[in-house]
Amino acid sequence: MDPQGEKKLNRTFPGLDALRALLAFYLVLFHTLPSYKEYGSMRLYDVFGFGGYATSTFFVLSGFILSHIYIGAEPRRGFKVSASRFFIKRFSSLYPIHIFTMLLTVALTFLSSHPNDTLLQTIAPQTRGADEAVLNLIMQLLLLQAWNPFYLSYNIPAWSISTLMFFYLVFPVFAPRLMRMSNKTTMLFSVCAVNLVVALVAVLEKWYGIGAMGILHTNALLRLPEFLAGILAYGVFVKKSDEITDAVARHWHCLLFFLTVIFCIASYVYANGSHSIRVLLHNGAMLPTQIIVVIVFACLLRDASAQSREFVRRLGNASLSIFALQSPLFDLYAKAEKILDLPFPILSCLDRLHLCAHIAGGIPLRFSFYPIFLVLFACAAIAFQEKVVAPMRTHIRRVLTREKVAAVSVHPVVSSD
């Protein structure tokens with residue numbers, strides 16, 4: 001690689017910050033739009049029903065970015081920090097978000113009439129109960145919930161945080177070795193093939209039971225190829241950075257249009273196809289396009305203004321907070337909106353809470369207010385990330401490393417923080 005190419009690689013990736021924010025907000029739409037009665041009558045509503053695509057893309061993106069930060073363009077130099085320091089940095093970024101949102105979810109859950117049922121959004125209803133709630137609470141505290149194929153419990157989207165934590169554990173083992181490989185492109189194709197083979201076996205053997213579907217959806221080992229693909233994709237990008245960046249600069253309109261069309265078609269097929277098609281699309285068939293999405297966005301917004309880069313940086317840094325806060329904050333927002341829409345004064349509910357709760361539960365949400373929720377939610381997520389998570393992260397690192405660390409990250413990319 002020439003010096004100019006290495007200089008380009010040392011630049012930040014504002015396009016990936018934008019991608020992180022887009023993925024996070026897509027998942028907000030995926031989880032919250034179905035709560036509105038207008039959802040089924042929306043044009044192209046199937047486009048908002050393929051949340052697995054966004055999650056898988058985020059896993060690829062994580063591998064790509066971590067490789068850029070901790071290994072860089074010269075993999076022969078090895079890992080830039082010790083494995084223990086790396087894990088502390090990642091743990092301190094994830095755990096405060098996870099614990100806060102889990103506690104918020106539990107607090108809001110007890111406002112419902114059936115807290116156990118709400119805590120355990122389960123795919124095995126015959127085993128729902130207090131014992132399962134306690135077991136899953138322990139797994140949540142240990143960030144092990146992704147390994148339980150039978151429940152999406154407490155803060156449902158947080159299963160991916162559990163999966164990310166596993167990826168962080170194995171990253172120091174896999175990343176340096178993959179980045180030193182001379183045939184990264186071949187290895188990348190192999191990883192994509194292995195990822196799809198697992199889904200093909202499940203389809204051929206008709207593993208459509210509760211446990212099998214839970215494993216295919218959340219199991220960290222089965223999602224690991226997506227993360228490894230991100231590492232290898234960065235290695236390929238490093239090797240041909242100039243050519244890829246120039247090609248994307250010339251054809252980014254066509255590339256984004258092509259990727260959008262592919263995604264819309266896949267979303268429609270996923271929503272209306274057979275069980276086997278859904279499994280294949282969710283577990284491997286779309287991985288090549290997800291890799292392309294990450295590489296294309298890595299080349300975008302390089303010449304954006306300082307204000308634009310700062311805006312996407314803040315949104316990108318808040319992406320995990322957006323992802324983790326979406327369920328509890330939407331639940332809180334929905335409860336508040338329904339209470340305000342009660343056909344009688346709110347104060348009159350003080351002596352008839354159960355009646356008010358019952359009536360409020362039957363009040364539909366106003367779709368016209370949904371944009372207001374999204375704006376308020378974005379502001380809340382950014383404030384939470386910068387005012388709550390960042391100080392807690394700093395404190396955890398100070399305690400675990402016994403040294404002073406910066407209070408706030410200013411990396412415009414998915415930073416080491």
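In case you wondered, yes, glycine gets a Cβ from its N, Cα and C as well.
Sequence annotations record features per position, and here TrEMBL assigns domain 'Acyltransferase 3' to 14-350. Summarising the annotation, TrEMBL assigns transmembrane segment to 12-33, 53-73, 94-112, 156-175, 187-208, 220-238, 250-271, 283-303, 367-384.
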When counting Cβ pairs under 8 Å to the transmembrane segment (94-112), the leader among 53-73, 156-175, 187-208, 250-271: 156-175
Region pair the transmembrane segment (283-303) / the transmembrane segment (156-175), three or more CB pairs under 8 Å: no
Segment confidence, the domain 'Acyltransferase 3' (14-350), expressed as mean pLDDT: 89
Intrachain residues whose Cβ lies under 8 Å of the transmembrane segment (53-73), provided they are six or more past its termini: 1, 6, 9-10, 13, 16, 19-20, 23, 26-27, 30, 79-81, 86, 160, 163-164, 167, 171, 175-176, 179, 223, 226-235, 237-238, 241, 263, 266-267, 281-282, 286-287, 290-291, 293-294, 298, 413-416
